């Protein structure tokens with residue numbers, strides 16, 4: 001083994017101390033420079049999105065492309081919403097309805113299930129939990145053919161129902177809630193029980209109000225996932241009226257008729273709601289990931 | 001994906017709940033809480049899976065209730081189909097690129113961000129921010145702005161400063177530069193998320209281990225990384241690798257958005273899901289064949305996941 005970690009350095013070794021310190025300082029400076037460079041690299045795509053969204057079409061396709069556009073065209077935003085070929089307002093509405101309904105529905109269903117699994121003693125609770133967890137192992141995308149078959153036989157293609165209902169049962173969300181409720185202080189529930197509250201009212205009046213962080217974390221993750229999801233809305237939202245923002249953008253990216261600056265401003269507009277949610281709830285996401293036990 | 005602390009039955013509570021609510025009541029309440037979720041999961045996951053297996057044995061063109069039973073013919077033609085086997089090769093090439101690069105980049109970001117004393121939250125946000133972006137939007141930026149190969153595009157502009165000729169990034173297969181485009185999109189979108197997982201793992205390492213290493217004369221840097229940090233991150237690393245492979249198997253959004261055009265999808269770089277999408281839901285609507293492909297894909301994923309879990313010892317909490 002090449003590892004002399006166990007070897008003790010003599011207590012008196014001032015000889016190399018100063019060179020070590022200099023090396024450490026240089027290393028730290030190098031790391032900061034590297035981090036700043038990487039951060040800029042990570043931000044460039046966002047910059048390009050906004051830059052091209054506010055540039056003129058000629059400016060985007062010019063052979064003499066420049067990093068800063070010659071002039072900013074704020075009118076692109078109004079042009080986007082006036083453009084009859086881009087049903088952007090409708091797509092934004094659809095995406096908002098889907099994301100909000102999916103988030104609320106998932107929070108309700110998954111938190112109830114997670115609470116039941118964690119806190120209501122039942123002989124087969126572990127079996128039920130395994131059956132739920134098992135669906136996490138099956139990548140959801142593999143079931144898209146049969147799910148499409150099911151939804152189309154229900155007559156739900158191109159309906160909001162078809163876009164929302166099948167996505168409401170997230171084993172991942174249920175798993176996080178179960179883990180969280182397992183660690184929920186039992187004294188609070190016991191006090192509620194002594195006060196004569198049943199399971200139902202204990203849940204609504206004691207458990208939910210005291211679990212806001214985990215609801216915020218799961219809610220944010222589910223909202224972002226619902227807003228960004230693409231394959232399912234592509235398969236189910238076949239009519240223009242049922243297009244989500246992602247499907248609309250994708251359709252226009254591959255079409256020839258669309259004007260580029262409209263497309264870019266549409267994409268920029270599409271991420272604004274998400275960036276707001278994301279920046280506002282970011283620390284909850286981090287907490288949610290850490291608490292999910294995903295890396296235990 | 002991970003092992004949950006099962007069987008922690010919360011001792012000491014059973015007597016009281018038994019007194020207040022009988023066993024029957026508890027069963028009832030359990031199903032009131034868990035029932036709606038379980039029912040939905042059965043309806044929208046278990047039923048489709050079973051239906052898919054059923055359909056895969058039928059000649060099902062454009063119908064969900066076929067009556068032409070053909071046994072394993074769909075499976076046979078799927079396995080003989082070059083397009084399907086090529087899609088598996090595409091997946092293998094893709095994961096050979098994306099799994100190690102994402103792993104190394106996200107680990108490096110986590111290590112660097114973790115050591116920061118100031119502005120840690122700022123850098124964490126910047127690297128995590130792309131996770132809020134969709135593949136559709138990211139693919140658009142990559143395809144129409146950075147790697148646009150025709151007259152404009154950031155990559156060609158920057159390369160032009162160094163006298164490099166224009167490259168048609170996405171439309172040629174020789175050389176296959178489209179891999180660079182496909183891998184960097186996912187890297188940008190996902191590295192921040194895995195960085196968070198690594199950060200969570202790093203924060204759980206006890207500082208006393210580092211102190212002990214320092215006392216033992218380990219030099220900060222490579223020695224500490226190799227003998228303290230990486231072994232302590234083993235459980236996280238296993239989880240990250242599993243997630244990376246499973247997610248690579250599900251690659252669809254960026255391939256579809258980067259490579260398809262108004263005239264169709266090019267013959268190169270179809271991962272399994274893109275291929276299945278066109279088979280089952282494209283013009284032919286061959287749901288039987290598509291289902292056979294989905295079942296085959298699910299089996300492959302199961303074998304790979306279980307194999308990986310066996311190999312690494314999934315969720316090794318004892319580490």
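Quick reminder: no glycine exception, Cβ is built from N, Cα and C everywhere.
Copied over from TrEMBL:
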type: DOMAIN; residues: A:92-281; note: domain 'ABC transmembrane type-1'
type: TRANSMEM; residues: A:32-50; note: transmembrane segment
type: TRANSMEM; residues: A:97-117; note: transmembrane segment
type: TRANSMEM; residues: A:129-151; note: transmembrane segment
type: TRANSMEM; residues: A:163-181; note: transmembrane segment
type: TRANSMEM; residues: A:214-236; note: transmembrane segment
type: TRANSMEM; residues: A:256-281; note: transmembrane segment
Most Cβ pairs under 8 Å with the transmembrane segment (A:97-117), selected from A:32-50, A:163-181, A:214-236, A:256-281: A:163-181
Cβ contacts under 8 Å made by the transmembrane segment (A:32-50) with residues that lie 6+ beyond its boundaries: 264, 267-268, 271
Beyond the flanks of the transmembrane segment (A:256-281) by at least 6 residues, Cβ under 8 Å: 49-50, 52-57, 59-61, 73, 76-77, 79-80, 83, 85-86, 88, 92, 95-96, 216-217, 219-220, 223-224, 227-228, 245-246, 248-249
